[in-house]
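Feature annotations, reproduced from TrEMBL:
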- 34-57: transmembrane segment (TRANSMEM)
- 69-87: transmembrane segment (TRANSMEM)
- 192-212: transmembrane segment (TRANSMEM)
- 219-239: transmembrane segment (TRANSMEM)
- 259-283: transmembrane segment (TRANSMEM)
- 295-314: transmembrane segment (TRANSMEM)
- 320-341: transmembrane segment (TRANSMEM)
Amino acid sequence: MFSTLRFFEGFCLAGLALSLYVLRIELCLPAWRFSMTMVASFLMVGGQLLMPGVAALCRNWPGRDDWQVLQIVIISPFVLMLPYVWLFPESLRWLLATQHYRRSKAMMLRIARKNQVNTTTEPSGVFTELEQELHKKPQRTCIVKMMSTRNLWKNIVVLCVNSLTGYGIHHCFARSMMDPEAQPTALCHADYYTMAGIAVATCLALCPAVGLMGRRGGLLTFMIITALASLLQLGLLNCELSHSQAFQSFLRDTLNRKFSVAFSIIGMFSSHAVSTLSIFFCAEITPTVIRGGGLGLVLASAGFGMLTAPIMELHNQKGYFLHHVIFACCTLLCIICLLLLPEPRGQPLPESLADGETFTRQTLLHPGEQHLLLAKTDGDYSRVHDTPLHLTTTGGATVAAATALAAVPASYALATGGEVIGNNAIANGV
């Protein structure tokens, strides 16, 4: 019964985290989305740091086991969330995207009344336009329709693999950092505080990094750091396995252990950043009509990555080196795939599947340079005409093509990139 209820509790907490994440993203303006996400991350890490103190206060409780008291203390704040259904409004963005126009109108009128806005003299005509759409029925979009898109499903798959890799390789770094000679109790406390401290450092580093490099640039940078730390970690493990016993002991006691801990901390830092950015990235590029489903897929991939840790524990860490190698290869694959993602910084959230398709990867050329390449200069085009070409042999085709190009003015050829051949020449295979 305890295991069943524990599973149900985790099931509900996952849905709660997903709903809060989506609501937070949809309520914020583009300039504040990442800032508010980092504030929520700091609060979550703060809760993790407070947990040991709460557990210490629940010890030696008279009449009950300390774990039961701890469960009551942890779950009691959720009682305050029960009236959220009536106090906290539904996402207006989601209501409009799914054509719940009657509920949208009621919410907009309530907001206007609280802000003392006169709706009768409202100049934009939003309420008038909304009145004309009240007859439409609400429409829900299933996450399966994502497969009919061209770019959206690829972006979500890439972010799912990134999230799985980030959470999966995080355990590899955490295990490499453990001291096998430490006591179990001290080891548990040290690991807990170390992971929480790394999470705080990651949130602090993400704010300026994403502000300078953007979402895609920051995700690519931290993934490269994760890959380098992983490869160097594997190199140290291979060095440990291949040398003689005396030299192996020397390396472990002097350099190998220190470098292994250093690379593990760097890897945990960067992999946590990759996981956080992958989830946030998905929330920004997924359309409103399926944002919950797309974000749920990425969070499910993250959960599967975390699931690799207890699986390795059940097998007594057998195959740990291969486990680390597989995730290191995944990081290299993710670096290539990240180049295909768009940059959503400063962009409005997409509402429909068609809007989600507009988020495509930017070209390498600057828009100004593209404009210059496509621009046509004014010139004398009187000599440009369709010249009939008679091709007899391969050599004749070459001469005919050269003759047709020679009749084009130099200014027009440069302006159009030299891709000017008469229609008859194209018809003849030139």
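Note that Cβ sites are derived from N, Cα and C of the backbone, with glycine treated the same way.
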Remote residues contacting the transmembrane segment (219-239) - C-beta distance under 8 A, at least 6 residues beyond either end:
162, 166, 169, 172-173, 176, 209, 213, 251, 256, 259-260, 263-264, 266-267, 269-271, 273-274, 277-278, 281, 321, 324-325, 327-328, 331-332, 334-335, 338-339, 341
Can you work out which residues elsewhere in the same chain, 6+ from the ends of the transmembrane segment (259-283), have a Cβ less than 8 Å from its Cβ atoms?
21-22, 25, 33-34, 37, 41, 156, 159, 162-163, 165-167, 169-170, 172-174, 176-177, 194-195, 198-199, 201-203, 205-206, 209-210, 215-216, 218-219, 222-223, 225-226, 229-230, 232-233, 236-237, 291, 294-295, 297-299, 302, 305, 341, 344
What else in the chain is close to the transmembrane segment (192-212), if you only count residues 6 or more beyond its ends and a Cβ gap under 8 Å?
34-35, 38, 41-42, 45, 48-49, 52, 174, 177, 218, 221-222, 265, 268-269, 272-273, 276-277, 345
